[in-house]
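If you check TrEMBL, you get these features:
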| type | residues | note |
| --- | --- | --- |
| TRANSMEM | A:29-48 | transmembrane segment |
| TRANSMEM | A:60-78 | transmembrane segment |
| TRANSMEM | A:106-126 | transmembrane segment |
| TRANSMEM | A:138-161 | transmembrane segment |
| TRANSMEM | A:167-188 | transmembrane segment |
| TRANSMEM | A:195-219 | transmembrane segment |
Amino acid sequence: MKASHSYWQLFCAVYCKDLTLAFRQRAEIVNPLLFFLIVITLFPLAIGPEPALLSRMAPGIIWVAALLSTMLGLDKVFRDDFNDGSLEQLIASSYPLPLSVLAKVLAHWTITGLPMVLMAPVFALLMNLDTQLLTATLLTLLIGTPLLSFIGAIGAALTVALQKGGILMSLLVLPLYIPVLIFATSAIDTSSMSLAYGGQLAILGAMLAVAAVMAPLAISSALKVSVS
Amino acid sequence: MLEIKSVTCVKQERCLFESLSFALDAGQIMQVEGPNGAGKTSLLRIIAGFANADDGDVTFEGYSISERYDDFAAELLFIGHKTGVNGQLTAYENVCHWLDVHGYQRAENIYDILAQLGLVGLEDVPVRTLSAGQQRRVALARLWMNNAKVWILDEPFTALDKKGVAMLQQQFMHQLDRGGAILLTTHQDLTAQFSGLKKVILEYRH
């Protein structure tokens, strides 16, 4: 009955399960997006609708909103699986745990990060962002949001066993988000001066590459500690 | 096959058990007995490799499970208090997901097995709408579709009716006949006659 080990089969099983669950409880997809939208619509009201001021602040606002709404969904990444025992079943599988973890993190990004990247052009209109800045914002979001998911999932895995781990998770994760925020906003700043911002993007890309390799290992160890 | 070598477990400054040793061979079923809080679940979690013992070692076919956990996991089937059944998914999806994650091929007779477990017509409704006993049956369906050598079951009879308990014990027989081993905790006495039944009794220690 035992099939030959197919890592792809495991990856798809874990990834599809999380997506199916997200589509069944739509709030999980809608909530972060709604939060993102609320922040972006409230800012012009609060600071005044002056176009020059808005387009100066827009990339920063979009980035901070994206960062916060990523964190909103993080607590859920491992919480349900921890509570119903699925996490134990993943650990007790003969497949490597980091692979299942990678699938779960990518599922989280597909549910929260990807919709934000796709909606960003619409939000950019609200903030009077020109095309040049929009391209830079989109590129940094595309590389940056998966990075946020990878880093955040480490915090989520460490705090999953705690009853109210949300605040502790934010404390753990926020300092690690700061470099991402700095390089992303610096890329956008550079682009606003019509200079090449490939350097900052390359650094973000390098950070993503390291996180994609190392974070699943760290998350797996953290989950094993949380489960025991 | 499975050897527990002088394992000690301390929780919240209370020693649950100390230097506990026993072995489980192919074709044997071992029942862990003891009052609430005696450390039955802790023992099972140590043997399944989820928790580390404070002292001692667990070996499977001669190797330490902590050193080669993936090899051990391939031969292990664990169902704990938390069964790993997702309430939002249907019974069929739960079973398929479990098979995928553990590298088993999706058998064609999944619906037959679920029917055998008394879940006819409930295969495609979310599991959270089923009764506790039915949810337990969805988890236990795994016992009918695996070839793990070791089954570790924590209170498998919880919420099951008499017919369910009898059916489960039939499946235990089948597992023992094909050379597997079973380690379980239960407060009920096993009603079927198992030739290879062994018992470990844990005392509540203050």
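Keep in mind that glycine also has a Cβ here, set from the backbone N, Cα and C atoms.
Residues 14-15, 18-19, 22, 28-29, 32-33, 36-37, 40-41, 44, 58, 62, 66, 69-70, 72-74, 77, 133-134, 137-138, 141-142, 145-146, 148-149, 153 of the same chain lie 6+ residues outside the transmembrane segment (A:106-126) yet bring a C-beta within less than 8 angstroms of a C-beta in it. Under the criterion of 3 or more C-beta pairs below 8 Å, with sequence separation of 6 or more, the transmembrane segment (A:167-188) and the transmembrane segment (A:29-48) do not qualify as touching, having fewer than 3 such pairs. The largest share of C-beta pairs under 8 angstroms with the transmembrane segment (A:60-78) comes from A:138-161, of the ranges A:29-48, A:138-161, A:195-219.
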